[in-house]
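S.K.: What follows is a structure written as structure tokens; I'll ask about it next.
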């Protein structure tokens, strides 16, 4: 008894934190895990990068109209994007996880039903054979008993079932919510555009007011298409399909680029033409995604009561709080930089945009991690969960190291591309060490968002982000007052470091959805 007790006492307990380094030497391996991650991440990253590129071209066309029109479009887009960001992030994140989970569960049910059906047919055939062989009253004992002929109709039915549309309740729910949120956003922006422009500093007598009001009001008409298309992108991500959204995004951006000069210059609609071109492209993207999705999914659920509005609302409010916390930290940092003067603000804005560029690349890994992990958690395939989670984090960190070198050298030698002002360039040089050195931290923080969303750990991510924001807000205010421009970047470094630490805490401690990391060795002894 004593020896057995000693043996049990000496069993090594697993250390959850070490799972992060699982198969580290295979981080660049093109194995099944690596191919699956990159197959989702690469198209997702391209789709995310396509919009900013199209926006730059769009801005170039508007810039030819004059400085007033360009400024009007800039402030209008800032308002539109800020209003959209609040709803887009929760909607897309929840849709991806929920659809991946439900789709996986439905596939598991289908496989179980098929297995049960095959088992029942096998028993029936065996029973028929036994009866045929053992029956003494058989009319023709010389002829061997043949098993029942296969049902060709059944086989053809099975082939058609493979192409049968799926009923995914969360997909239908997400689309309805996307349309409703888009309509609400459109109405809000149309009727409050002048008020919002005033809040952004556009005065009643400003020459920007009229063109900005017209542009924002027309762009608002595209909000329903934008939110609905993003809901459908979340659905495709849940199916682990990021190529279809990439195709739709590229087509829409090309349409926008082609229509811009036609509406702006040929039809002489000016800034209004730019807005119309963008709205048309949004509706084209929605139509493309809708057509592809209609081939896969029954968009109208059999029963309205099957829709999961409550689940979306509960978790959506949590992610809304998280989004507000993230936005507030970055907005406060910009506000503190603005208080330092025009030159520090200009340098800060350039540095901030470069600092956050890594999110476009890492969001691709985050999307891949979220989709695969949501499926794996639904299957309770914890070996795959650990393999995928560790791999995307390792890939994110390596990508961050590469970005650190690229961004550091790029800003050092290419600062003149962003500004010709020596004072601005000098302040940018001060910020370069922070921007470059924090790229691996940023990468981990962004990828961890996808990992935690894949685990459906929405409550933790929301509450932890609010806590991070509270500390970071205090740090931004204090450091900006005491250390000026450098202080703001120190505070932002603290902010991203806290995001990464809290993001990895659940996995590293084996808590929440990651409890299985601690209980793996104990299962054998129980």
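Cβ coordinates are placed from backbone N, Cα and C, and glycine is handled just like the others.
Relevant sequence annotations retrieved from Swiss-Prot are reproduced here:
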type     : residues : note
COMPBIAS : 134-144  : compositional bias 'Polar residues'
REGION   : 133-166  : region 'Disordered'
TOPO_DOM : 1-36     : topological domain 'Cytoplasmic'
TOPO_DOM : 81-170   : topological domain 'Cytoplasmic'
TOPO_DOM : 192-215  : topological domain 'Extracellular'
TOPO_DOM : 237-244  : topological domain 'Cytoplasmic'
TOPO_DOM : 294-316  : topological domain 'Cytoplasmic'
TOPO_DOM : 338-353  : topological domain 'Extracellular'
TOPO_DOM : 375-396  : topological domain 'Cytoplasmic'
TOPO_DOM : 418-426  : topological domain 'Extracellular'
TOPO_DOM : 448-457  : topological domain 'Cytoplasmic'
TOPO_DOM : 479-484  : topological domain 'Extracellular'
TOPO_DOM : 506-526  : topological domain 'Cytoplasmic'
TRANSMEM : 37-57    : transmembrane segment
TRANSMEM : 60-80    : transmembrane segment
TRANSMEM : 171-191  : transmembrane segment
TRANSMEM : 216-236  : transmembrane segment
TRANSMEM : 245-267  : transmembrane segment
TRANSMEM : 271-293  : transmembrane segment
TRANSMEM : 317-337  : transmembrane segment
TRANSMEM : 354-374  : transmembrane segment
TRANSMEM : 397-417  : transmembrane segment
TRANSMEM : 427-447  : transmembrane segment
TRANSMEM : 458-478  : transmembrane segment
TRANSMEM : 485-505  : transmembrane segment
S.K.: For the transmembrane segment (271-293) against the transmembrane segment (60-80), do we get 3 or more Cβ-Cβ pairs below 8 Å once near-sequence pairs (under 6 apart) are dropped?
M.R.: yes
S.K.: Would you mind listing the long-range same-chain contacts of the transmembrane segment (245-267), meaning Cβ under 8 Å and 6+ residues beyond its ends?
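M.R.: Here the qualifying positions are 43-44, 46-47, 50-51, 53-54, 57-58, 61-62, 64-65, 229, 232-233, 236-237, 273-274, 276-278, 280-282, 284-285, 288-289, 292.
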S.K.: For the transmembrane segment (354-374), which partner among 37-57, 171-191, 397-417, 458-478 gives the most CB pairs under 8 Å?
M.R.: 37-57
